[in-house]
Amino acid sequence: MSSDAEMAVFGEAAPYLRKSEKERIEAQNKPFDAKSSVFVVDAKESYVKATVQSREGGKVTAKTEGGATVTVKDDQVFSMNPPKYDKIEDMAMMTHLHEPAVLYNLKERYAAWMIYTYSGLFCVTVNPYKWLPVYNPEVVAAYRGKKRQEAPPHIFSISDNAYQFMLTDRENQSILITGESGAGKTVNTKRVIQYFATIAVTGDKKKEEATSGKMQGTLEDQIISANPLLEAFGNAKTVRNDNSSRFGKFIRIHFGATGKLASADIETYLLEKSRVTFQLKAERSYHIFYQIMSNKKPELIEMLLITTNPYDFAYVSQGEITVPSIDDQEELMATDTAVDILGFSADEKVAIYKLTGAVMHYGNMKFKQKQREEQAEPDGTEVADKAAYLTSLNSADLLKALCYPRVKVGNEYVTKGQTVQQVYNSVGALAKSMYEKMFLWMVTRINQQLDTKQPRQYFIGVLDIAGFEIFDFNTLEQLCINFTNEKLQQFFNHHMFVLEQEEYKKEGIDWEFIDFGMDLAACIELIEKPMGIFSILEEECMFPKATDTSFKNKLYEQHLGKSNNFQKPKPAKGKAEAHFSLVHYAGTVDYNIIGWLDKNKDPLNETVVGLYQKSGLKTLAFLFSGGQAAEAEGGGGKKGGKKKGSSFQTVSALFRENLNKLMTNLKSTHPHFVRCLIPNETKTPGAMEHELVLHQLRCNGVLEGIRICRKGFPSRILYADFKQRYKVLNASAIPEGQFIDSKKASEKLLGSIDIDHTQYKFGHTKVFFKAGLLGTLEEMRDEKLAQLITRTQAVCRGYLMRVEFKKMMERRESIFCIQYNVRAFMNVKHWPWMKLYFKIKPLLKSAETEKEMANMKEDFEKAKEDLAKSEAKRKELEEKMVALMQEKNDLQLQVQAEADGLADAEERCDQLIKTKIQLEAKIKELTERAEDEEEINAELTAKKRKLEDECSELKKDIDDLELTLAKVEKEKHATENKVKNLTEEMAGLDENIAKLTKEKKALQEAHQQTLDDLQAEEDKVNTLTKAKTKLEQQVDDLEGSLEQEKKLRMDLERAKRKLEGDLKLAQESTMDIENDKQQLDEKLKKKEFEMSNLQSKIEDEQALGMQLQKKIKELQARIEELEEEIEAERASRAKAEKQRSDLSRELEEISERLEEAGGATSAQIEMNKKREAEFQKMRRDLEEATLQHEATAAALRKKHADSVAELGEQIDNLQRVKQKLEKEKSELKMEIDDLASNMETVSKAKGNLEKMCRTLEDQLSEVKTKEEEQQRLINELSTQKARLHTESGEFSRQLDEKDAMVSQLSRGKQAFTQQIEELKRQLEEESKAKNALAHALQSARHDCDLLREQYEEEQEAKAELQRAMSKANSEVAQWRTKYETDAIQRTEELEEAKKKLAQRLQDAEEHVEAVNSKCASLEKTKQRLQNEVEDLMIDVERSNAACAALDKKQRNFDKVLAEWKQKYEETQAELEASQKESRSLSTELFKVKNAYEESLDQLETLKRENKNLQQEISDLTEQIAEGGKHIHELEKIKKQIDQEKSELQASLEEAEASLEHEEGKILRIQLELNQVKSEIDRKIAEKDEEIDQLKRNHLRVVESMQSTLDAEIRSRNDALRIKKKMEGDLNEMEIQLNHANRQAAEAIRNLRNTQGMLKDTQLHLDDALRGQDDLKEQLAMVERRANLMQAEIEELRASLEQTERSRRVAEQELLDASERVQLLHTQNTSLINTKKKLETDISQIQGEMEDIVQEARNAEEKAKKAITDAAMMAEELKKEQDTSAHLERMKKNMEQTVKDLQHRLDEAEQLALKGGKKQIQKLEARVRELENEVENEQKRNIEAVKGLRKHERRVKELTYQTEEDRKNVLRLQDLVDKLQTKVKAYKRQAEEAEEQSNVNLAKFRKIQHELEEAEERADIAESQVNKLRVKSREVHTKVISEE
């Protein structure tokens, strides 16, 4: 506590800041009983002081100060603090902390007019309602540089602490001044600005005045003057406050690197423009109106055409017109002066006053209704003329635009009539808009004036927001203000209670989390979250028919009863109507919603706006131009692009945007809180209402803040910082010369200091202190430093005195010597012999001439020798001098290059600032776009509700349809039962008819099942289609962001090229300067060379000196003259020498710089100094010798004088060059300092921008997620509605079709019954004929042998086809079952995946938000650590001894940064995983879409097949009638055909053996592939994330293969159905075989297509293999991600197992397809035999077989590729190895069979060599086997030719039917081709989309990498600039010390 003497510096403010010593002593000596002195609860006063009299049974009886005796419970009694704590400055120091103690401490301090009190970490101030002398200049000076504990509580102390934190922590600061309206926020804001403007004034006022040009005041004056101007136009009187800020402002004061004031800017929020046209009774409008009418400046009254009576103007006279505490006349002069100081031009100043006057005139405009019309018309034009005059408009045009505005309808404009009320509303809207835009324009102009373009490093922001206030009539503006205060209170709570405790947990300190119950999230979410009040308001604004009532109904429907903070208002008598109530932190507020929709939309008369834009008043035209609109919406002074294009932005949306930006700014700074309190409602000085103050304390969290300050550790410091700063307290605790960890060093240091060791804790990276301990350590450090400095001063003074004493002794000895000689001379002066000596001595001069000549000759020889030696030394020194000069030039070049680099860096900094501004604009656009989407979402949500109502109605219709459908189903089942009974009756008929009937029934059931499946799949596909559109929209957004990034990169590239060009120009100019300098150096060398020549000439002349000795006497007089000239020359030489010494000092400075870099040239400098001294001595000797010999060189005097003059001129030139270089040097130093500070500012701004970008990106992603969810719901409802409509029509149509089908089946049943009876009768007749012809058959057996064999062969083929058909039917059923189960399963999995994705996205968003907050704190830590590292590097250069320890500390810091950076990368990886999961869902969407389209095609195919079957039934009925005639003949040859069947069976087995042989080959290849796979699998395990995409691509290929196989199955089914028609007749079977051959060719073509797709798959696989090499480089990063991706890998493995099952099914289907291909090959051999018989061209058959063989080989290659593809997708190697082992065993069993087949293949190879040896060599085992079969079949076919001739007639009859069948097959083939085309198209689209996504992702990563590199380069440049700055300062210091 300071003494009275120490408090004297505060002047007259001392009594208002701290108690006097006398009061403190009295308080300590005051009697006090701790047990009896208490506070008790009181109904009126809340708490009163009392004395305990007794305690009984939980009750306490006490006597109050008023003399009353009360009895209360124990929990209503609170202990009183001792008297020494009365009026304590920091309430956290109280012994007993509770509400009454805090209340009475504030009350007692307030009674003593001590309005500022510390409350833990923040400050509380109470409004005194009177002027106190606590803000005088001496108070500002007293608080400057003082620590918090050294001075009394004050707003200046808070400001100075923020200023010091900014300089030491290198972090932006903010001061949040909060409180209710009237608590004194605005006054404290002004005092903060006053303090900064006083202590941090700019350094060079002259320079500022020179650069400011038209600026009429200094920057400090302008910052201070901004407040009066803004208060005049933005402050007004309210019920609770005479000077209430009706807008919010965030003032940022920027400082340079040295803490000097650099610039400032102001952001404003939500001006209450409704006050312009409406005020309550106890309030008034903005001050400016009443200031103008105060008549202080009569010229304004005249210019504005107004009066001095406010009641003459309706807009400003609805409430009070005067305020006792405000002098409007003085305020007008202050406002007018502020306008001048802030640099507004005269025209702008006049425009401001004119627009203000126009607003007042607008309120007096009158309108009336036309007779018999609702149209309004002007009621007089005088007022309109005045308003038009002030705004430079035509009054007639203005009135016309108001009464008859033009409205755009479509593409045309029409004139609209207005009622009187509409005109008044339009005038009011225009007045409010004009005033608001003018206010925002003024803020913009102020910011332009305050932006001095000086380098700025950090800023301190001061927040002054309109306070929480409860009016009788609360509107939308009041809701916004209260919501802002709610958010700020939540920010305070989160910072004070949540972040503080999270810091303890993170640092590992034992701490139990305390929930203070201060979370305001419920109220905030009620207002701002989706479907909150703002959301509903904006949604209603989009509906043209929305009203206030509909808005209120939606609010009640959405929130009443669901949220405790939303209540119905309780009507009160005498108060305005209210529609809903909100429970805020500071009280419950009733809100009236009348006019909210119009206020939020803020409509303007566009016709009048058009007039404004053309106004002759330039300021008005600018206000309503497009550019100003953008600026106005930017929140005052912040430049930004145009907001939302053609759409509009509501007031609430703009307010939320500005508020979010404010909260982002605050989160990026270190906040300091100042809590302003209202003492009473009556504005009475000194009075305090207890309940009011307690309510504010509770709401503001004051008590909780004190508690956490007392319990927690509010002070914390990094271990390295603590070690560096406090090591001086006990240096012996930390051993020197050995490394010790900073944490251990801190622990040892604290353990060795005499302090309370319970007052601190050690965290992981910091040491934490209780409140006050750090101040104690600071005091101890100051004392220790004082001791050390005292000792140092004593040692220095002793040394200096010893040096002085030594000099005194030397002078004493010299004086003694002189005195002795003088005394001796005085003794002999009168001696006669001495007198004679004096007389004779001059006469002996001539006699002694010869001696003198001899002496002179000797002297001459000595001088000559000395001259030679000196000349040699001079040359040597000149060479060294040249070398040093060269070194100096090199160093100067280096300095110049560094200066150029710094200039380049400055230009880059400027460009980065511009880029930052552009990025901020883009961020604004993105935010606005996101808000647009939110608005659209809100609109769509409303539509969703309507659709839900419609859906409920449609559901009722669906229920009715379902009932009808159930009836139809019953009828259908009954019909199916009848058909089943008929089928059972027909079971005894012929086998062929039974099979046909079963097939027909199966197809009907499949048809019905397919229809049902189709309906179910349509629903699923609709859902998936919506997901696809959502993903496509996301891809579009990514592409848009990518385009923006490309544009930004192009801009940066252009800026880079421009900077490089500027750099080249600067380098060229530098080179020119260097060339000039080198030329001057060369001239100097030339002159020095001439001097050496002169010296040599002098030597020559000295030889002539002997001859000229006779002339010495004559020249002695001349010598005296020359001596005078020589003296002058010596003076000039001395001057040149001084200049040379200056150059030497420059050289020494540069050498010192080198010494700082390397520390190796100090010895050289000392040697140079010695040599320089020797050189000076020699030169002096040389000059003396020269002067002696100049007596003999009179002839050369003139030349010598000329040369000296010339050298003098050169020296003057050099002096001028030196001065120029000195000037450039000083300028470069200044530029270096500026650049350093600028670089620091840019780096900080860049960090803030990155934080802002990340925050906005998170917000954007959250908004997009919400938007997509809403869009998906709406699309689902729309599609469901459309689907239900179509379903109802489809059901009706299907019902009609089923009825027709039932009737048709009934008719077919009757016809079949008749046909069966007829066939039975025919069968009996044929049986009789058979018995009669049995004998004839035996006699003709020999002739029919061949026919029997042929029949058996064909019968076998028929049986094979029947088996294949049955197998195909079973496969169809299997595929259908699988499709249904897979579809259902996939749908369920998709739904589950979607839920998981939504949950994970939500978790990811929460995690990202948490990580962002961590990143923000880490960014601050990183910046602080980086700056500290720079300081440490400076310490390293100063002290090499501590280098090792500091390097280790630097590495520790780097590790911490790397760990946090890794965490950041891991978080980013999680986000990427979420994106990839989204992409996997998109692939599932494509799969289901393909399946859906296939099912549609199957439905169409089945419909056509149904029609064809009906046609076939009729055809078969006719054929059966004919077939009955041939049954008898077929029975005859049955035995022959059975024999042929056995032969065909044998050949089939041989073909199967060959196929198994080929499969053995495939298995061997598979083993090899498994080996390769085992090698690749290791790499794949490390790259699950990248290969997952490839797996999806391959899965789509397999699915396309499956669709192709399905098409093949359908085509084979068609072929089988065609063949069944031919079963009754042998000729028909032959033609059917021919048809089957064509079908086989088509199947082969399908296989070719499949092979093509497999080739594409192989290409993708090759690309993947090549990409593996690239992926190796990413191995390290993937390993770090492996742990985080483990959960995703588990899920992917589940999907991989499903994929594996699908692959196995595909492989099985592939084997089945191979078997069916083999079967088709067998049929083809029969077809080829028939062709040979018909065409007799074996060579053509061989060619065709070669083609077939080639296709078979391609099929083989396809199998290989499919296996390779499957191997790439495989994850579980053991299953594959087991399969390989099993196949290996099969291979060994089949080796013997292969050997037998090899013999046959050799024979076939010899036969095939005739047709072409080269092709036969390429054929493999299966081809050889097929050729052997061809040869065997040829032999049998030659024998069967005879039988075929007998059947030629029947072939001709069946040709027509074959042609019909061929047409059917062609149609089916066309359908298959179309399906395959669709599959390929979908596949290509999917691949293109994936490729595009990958390309975008790669580009994004590349851009991110480049951004990181740019950041690193900026950091490096910043560190270099700081080093240069430090070096420059040290050099400057040394120069000063040397001078």
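Backbone N, Cα and C define each Cβ position, glycine as well.
Taking Cβ-Cβ distances under 8 Å and a sequence gap of 6 or more within the same chain, the neighbours of LYS185 (ATP binding site) are ILE177, THR178, GLY179, SER245, ASP464, ILE465, GLY467, CYS676. Residues annotated as ATP binding site in Swiss-Prot: GLY179, GLU180, SER181, GLY182, ALA183, GLY184, LYS185, THR186.
Per Swiss-Prot, the feature coiled coil maps to 843-1939; the stated evidence is sequence analysis.
Taken from Swiss-Prot, the feature domain 'Myosin N-terminal SH3-like' covers 33-82.
Annotation source Swiss-Prot lists domain 'Myosin motor' at 86-782. On the 0 to 100 pLDDT scale, the model's mean across the domain 'Myosin motor' (86-782) is 84.
The annotation phosphoserine is assigned in Swiss-Prot to SER79 (among others). Sequence-distant neighbours of SER79 (phosphoserine) (same chain, six or more apart, CB under 8 Å from its CB) are ALA34, SER37, VAL38, PHE39, HIS96, listed in sequence order. The DSSP secondary structure for SER79 (phosphoserine) is strand.
Residues or ranges marked as phosphothreonine in Swiss-Prot (evidence: similarity to another entry): THR391 (among others). Cβ-based neighbour count (10 Å, all protein chains) for THR391 (phosphothreonine) stands at 25.
The Cβ neighbour count for HIS757 (pros-methylhistidine), using a 10 Å radius and every protein chain shown, is 9. Look at Swiss-Prot and you will find HIS757 tagged as pros-methylhistidine.
In the three-state DSSP scheme, THR1241 (phosphothreonine) is classed as helix. Residue environment of THR1241 (phosphothreonine) contains 23 other Cβ atoms, counted within 10 Å of its Cβ in all protein chains. For THR1241 (among others), the entry in Swiss-Prot reads phosphothreonine.
Here Swiss-Prot flags SER1243 (among others) as phosphoserine, drawing on similarity to another entry.
According to Swiss-Prot, the phosphothreonine annotation covers THR1286 (among others), on the basis of similarity to another entry. Under the three-state DSSP scheme, THR1286 (phosphothreonine) falls in the helix class.
What Swiss-Prot records for SER1306 (among others) is phosphoserine, and it gives similarity to another entry as the kind of evidence.
The phosphothreonine annotation in Swiss-Prot covers THR1517 (among others), and the record cites similarity to another entry as its basis.
Annotation source Swiss-Prot lists phosphoserine at SER1542 (among others), citing similarity to another entry.
Per Swiss-Prot, phosphoserine is recorded for SER1574 (among others), and the stated evidence type is similarity to another entry.
Positions annotated as phosphoserine by Swiss-Prot: SER1714 (among others).
Here Swiss-Prot flags SER1739 (among others) as phosphoserine.
Nonlocal intrachain contacts for the region 'Actin-binding' (761-775), taken as residues 6+ away from its ends with a CB within less than 8 angstroms of a stretch CB, comprise 92-93, 120, 147-149, 504, 506-510, 709-710, 713-719, 722, 743, 746-747, 750, 755, 1456. DSSP assigns THR186 (ATP binding site) to a helix. Here GLY182 (ATP binding site) comes close to ASN127, THR238, ARG240, ASN241, SER244, GLY467, ILE678, LYS683: these same-chain residues lie at least six apart in sequence, with C-beta atoms under 8 angstroms from its C-beta. The modified residues recorded for this entry are THR391, HIS757, THR1241, THR1286, and the Cα of THR1241 lies nearest to that of THR186 (ATP binding site). With the fewest other Cβ atoms inside 10 Å of its Cβ, the least crowded of the recorded positions SER181, THR186, THR1286 in this structure is THR1286. Between HIS757 (pros-methylhistidine) and GLY184 (ATP binding site), the C-alpha separation comes to 41 Å.
Note: the Cα of THR391 (phosphothreonine) and the Cα of ALA183 (ATP binding site) are spaced 39 Å from each other. Highlighted in sequence order, ASN127, ASN241, SER244, GLY467, CYS676, ILE678 have their Cβ within 8 Å of the centre of the Cβ atoms of GLY179, GLU180, SER181, GLY182, ALA183, GLY184, LYS185, THR186, the residues recorded for ATP, and are not part of that set. Tertiary neighbourhood of the region 'Actin-binding' (659-681): same-chain residues 106, 110, 119, 121-127, 129, 155, 158, 161-162, 165, 169, 171-180, 182-185, 188, 240, 248, 250, 267, 269, 461, 463, 467, 483-484, 487, 491-492, 495-496, 635, 687-689, 692-693, 696-697, 700, 702, 927, 1248, 1251-1252, 1255-1256, 1259, 1413, 1416, 1420, selected by CB-CB distance under 8 Å and a gap of 6+ residues from either end. DSSP assigns THR391 (phosphothreonine) to coil, not to a helix or a strand.
Across the structure, GLY184 (ATP binding site) and THR1241 (phosphothreonine) are spaced 33 Å apart at their Cα atoms. Cβ neighbour count for GLU180 (ATP binding site): 24 (other Cβ atoms within 10 Å of its Cβ, all protein chains included).
In the three-state DSSP scheme, SER181 (ATP binding site) falls into the coil class.
HIS757 (pros-methylhistidine) falls outside any helix or strand according to DSSP and counts as coil.
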